[in-house]
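Peer 1: Can you keep this structure in mind? I'll have questions shortly.
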Amino acid sequence: MRQSHQLPLLGLLLFSLIPRQLCEICEVSKNDYTDLNPLINTMINSKYTKGIQAANVLLSLRLGGILNQCQEQQLIQQVKLTVYYKASTLTSGQLALAILALGACKTPDETSIRYPNLVKNLRNKFKAEIKNMGKHNGNPLTNYYQLSLDVLALCLFRGKFSITQVAKIFEPENKNFYFKGQFSVDTGAMAVLALTCVKNITNGKKKTDMENLNNINNHIKSLIEKILSQKKENGLLGNIYSTGEAMQALFVSSDYYNESKWDCQQTLDTVIMEIHKGAFRIPTAAAQILPALMGKTYLNVNKDSPCVYGPGDFNISTVEPITATPPLSPSQIQVNYSVVIIKETHSTTVSVANGSVFLDVMEAAQKENATLFGFTVEERSWGPYITSVQGLTANNNNRTFWELLNNGQPLDQGVGSYIVHEGDNLEVRWSTY
């Protein structure tokens with residue numbers, strides 16, 4: 001299954017000019033591409049592939065060279081409509097993701113995409129993030145995952161930003177790399193990709209450039225060490241959903257760790273096994289894992305490079321759309337549900353259809369008592385996200401959010417994807433991070 005990128009003998013003389021990470025990528029071989037079909041079908045057919053989720057999917061499938069031109073144009077139109085008509089409502093990271101997706105490669109009949117305007121808009125949103133950090137104890141409007149996307153897109157699309165500022169804010173011990181005291185692997189991985197891009201465009205001719213390069217190199221090394229410290233016995237990096245971007249980070253930074261620290265093949269095998277277990281039912285989850293499995297990273301984005309189209313190695317079905325949840329069974333199950341705000345707890349037991357997700361339980365409880373269990377939700381790239389319960393709204397400036405738990409354990413899936421079971425003790429808890 002593993003396919004290594006080997007240097008041709010003729011190129012050995014130029015070895016010192018070639019980044020070492022090009023030799024460290026492992027990927028699913030073409031003979032095993034059928035293992036990736038569930039991911040691709042989820043992205044293309046899911047009813048949830050719309051809006052900003054379409055950007056995730058477009059970026060992933062373009063990097064893999066999987067789409068045909070008709071499928072590509074449909075996704076491009078969705079992303080362009082979102083960017084051009086909802087620009088003011090997009091977060092900085094959402095706009096950065098859209099720019100990366102639209103500019104991942106160049107189509108034969110390249111339609112007009114106003115990259116300079118998009119990049120200028122992104123720069124303004126990034127500056128607003130930094131300004132908010134100055135006013136609110138170092139807290140950005142969104143989070144460091146999105147700030148990393150911002151820097152990556154600005155770097156790849158020649159947007160203006162301060163390298164000194166980037167070197168300063170991405171100090172690895174910054175609290176924004178941590179969530180409830182735990183290092184965030186996907187945030188760290190995205191920062192590594194962004195910092196690697198910045199490092200590659202810094203010429204090092206000025207004294208300040210040398211200082212920034214030294215700081216950036218140290219940041220990358222530290223972040224990679226933190227990512228590898230979260231490696232599980234089965235090879236996953238953090239959890240199943242952070243592993244794809246962590247793999248990308250490790251691909252581009254092999255100079256910063258000993259190869260004995262990470263067995264890429266083990267990680268690859270575990271991810272493939274999880275694919276067949278149905279772990280990636282949400283388009284965004286599928287989109288974030290696919291590039292690494294095909295030996296690609298977000299640093300492969302190049303708006304001037306011709307797009308590659310479907311080679312026919314994949315079996316893309318368009319008959320039965322894959323939804324975020326399996327078909328519901330007519331049987332009912334009993335689930336316990338609580339809202340916890342500091343020391344105040346309100347609980348109930350609701351009946352929902354077998355195969356329901358966390359959100360279904362919350363909706364059932366809300367119908368029972370809107371005062372105690374009322375909530376608001378908005379669509380984000382990972383699906384529905386709880387913004388408030390009992391009128392109490394999550395706030396990035398205060399680092400507050402509504403945490404999802406089952407039997408006292410935090411969940412690594414969202415409210416729209418976590419499938420509940422008979423007797424579960426579900427909880428939404430007002431928390432800080």
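Glycine residues also receive a Cβ, built from the backbone N, Cα and C atoms like all the rest.
Where the annotation comes from TrEMBL, it is an automatic prediction and has not been curated.
Worth saying up front: this structure is predicted, and the values here are computed from it rather than measured.
Annotation comment: TrEMBL describes 142-146, ASP186, ASN239, GLN288, 385-386, 402-404, LEU411, TYR433 as cyanocob(III)alamin binding site. The disulfide bond annotation in TrEMBL covers CYS26-CYS264, CYS105-CYS307, CYS155-CYS197. Sequence annotations record features per position, and here TrEMBL assigns domain 'Transcobalamin-like C-terminal' to 355-431. TrEMBL lists 1-23 with the feature signal peptide.
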Peer 1: Compared by Cα position, which of the recorded positions GLN146, CYS197, TYR385, TRP402 is the closest one to CYS307 (disulfide bond)?
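Peer 2: Checking each of GLN146, CYS197, TYR385, TRP402 against CYS307 (disulfide bond), the shortest Cα distance is to CYS197.
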Peer 1: Any idea what the Cα distance is from CYS197 (disulfide bond) over to ASN239 (cyanocob(III)alamin binding site), rounded to a whole Å?
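Peer 2: About 25 Å separates the two Cα atoms.
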Peer 1: Quick one: of CYS155, CYS197, CYS307, which of the disulfide-bonded residues has the smallest count of other CB atoms within 10 A?
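Peer 2: With the disulfide-bonded residues CYS155, CYS197, CYS307, fewest surrounding Cβ atoms within 10 Å: CYS307.
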Peer 1: Just name the winner among THR142, GLN146, ASN239 (the binding-site residues) by count of other CB atoms within 10 A of its CB.
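Peer 2: Sorting the candidates by Cβ neighbours within 10 Å, the top entry is GLN146.
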Peer 1: In the predicted model, what is the mean pLDDT computed over the domain 'Transcobalamin-like C-terminal' (355-431)?
Peer 2: 92
Peer 1: Using Cβ-Cβ distances, find the residues under 8 Å from CYS105 (disulfide bond) that belong to the same chain and are at least 6 apart in sequence, listing them in sequence order.
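Peer 2: Spatial neighbours, sequence-distant, of CYS105 (disulfide bond): ARG62, VAL301, ASN302, LYS303, SER305, PRO306, CYS307, VAL308.
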Peer 1: Determine, to the nearest whole angstrom, how far the Cα atom of CYS26 (disulfide bond) is from the Cα atom of TRP402 (cyanocob(III)alamin binding site).
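Peer 2: Given the Cα positions, CYS26 (disulfide bond) is 37 Å from TRP402 (cyanocob(III)alamin binding site).
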